[in-house]
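Quick look at what TrEMBL annotates:
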DOMAIN    11-286  domain 'UvrD-like helicase ATP-binding'
BINDING   32, 33, 34, 35, 36, 37, 38, 39  ATP binding site
């Protein structure tokens, strides 16, 4: 038995709630506060099920929020047990619905699409929506695709009692778009989940098949996954014997623009079949950080309990500056980061969290001008598993990182085959991949040409883009190709091979992107009322803004810096409502 697994299970004994979650035998809602070890509990739970309960051909399913989470959970489970992909599914909700429901079963029923359905491209989707808006006499600038997609996630019947505010204009476009998808035998990332859910709601045979295959379904970040999945879970818990393990935190629901609502997670707690446990012990932050965070969410002081021994005294600092946001970024470069270094804090322990994605480049420019090593964690594409494979392949060719061919080869086999191929095919594939990568060295002087060579010679159109198993990777790959084509003057294969390697650098990222990460020092500029929260935010959206602040603050172990401008565009500014009542360690005015 794996020693790491046994050690981690032993450590659970120090946390009563984690132990309850790990040992639970039925369906359970695990409400997991920030830094509470929820991924550790989830992966230990999955490892326990795979070791003790579930044997092939039955499987455990673990549904994740993103490709990044999928990769992390797979890696953690592999560290705990001898992981066999044949008796588990770990992937996003889109991947689950496509590979486990639509592809095998849609041909048996009538849901508007047949077995040869296609996935609409991002470009065609945007074009269709523009045409629909024109046909409905709706101004092109009036509705965003995000607003329409949010409305579409609400357009599903079911058992949930959570009330939803309907946006009528978006609803009209949403209905017309979904009808057009069906007419063209197409789906997108929203409709594939909705159709899969409707099939589960209405088809007893499908429910029996899923029950036979998946005795347990684990779901990570439930609060961010929206109504279609919630209705799926409500049906499965009421009409099957599948045990469902849900992990999430209503206070960390920050994807409302995608249709996420914290009440969905809370609704599950009232269902008799669900046990419930709340993880309140925090293994990241100083108690002062936790108490400020609790106050933000109107929770009592001490609601979260700091379990980590933090050596440095906590600091919550406010800096008020005369200049604009650029001046704040300059102050970070001139004063805050050097001060951190003087205290012995490494660059990699420092994060700058920006509320608006379009402001990240402004801060990046200042850091570059001041020679501060930094890692921008905001890309125009998602670094999914296949793009990581390309990064590692480039690193192996250049020999600039510790990458082993056997690991690349194992990834390649996983991409290409559903089940383990014969030894003959394995040997042929090994030689094929090795020669392809070696021969690609002729193109390393030009990243676009190198990617093109890999794309053609590995036949990625057949093996990735046209494969229903790799729907998330297809989306990532298209965005990546567009990005490197548009930035071919700035990017070379050396930079690309180190894209995911942070090293000892300051992290520069959005508040949304910071979720799940932790740092010794967190720096938040632009903390004026009217900037964060933005002055145009509706009152109904203010709770989510508060949760975004809560998530950002709880990334910090012990030190926080808030920066604000005393005036902007000639108008006097006040501190954000989220920080105005904080008992600061220091307030500095420049």
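Heads up, the Cβ atoms here are built off N, Cα and C, so glycines get one too.
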Average pLDDT across the domain 'UvrD-like helicase ATP-binding' (11-286), rounded to a whole number: 94
Local backbone state of residue 37 (ATP binding site), from DSSP in three classes: coil
Chain-internal residues near residue 33 (ATP binding site), provided their CB is under 8 angstroms and they sit 6+ positions away: 249, 251, 278, 279, 280, 282, 304
Additional residues around ATP, ordered along the sequence, whose Cβ is within 8 Å of the centroid of 32, 33, 34, 35, 36, 37, 38, 39: 249, 279, 282, 283
List of residues, in chain order, with Cβ under 8 A from that of residue 36 (ATP binding site) and at least 6 apart: 279, 280, 281, 282, 283, 304
Sparsest-packed of the listed binding-site residues (32, 34, 35, 39) - C-beta count within 10 angstroms: 39
Number of Cβ atoms other than its own within 10 Å, given for residue 38 (ATP binding site): 22
Listed in sequence order, residues with CB under 8 A of residue 37 (ATP binding site) and six or more positions away: 15, 18, 279, 281, 283
Collapsed DSSP category at residue 32 (ATP binding site): strand
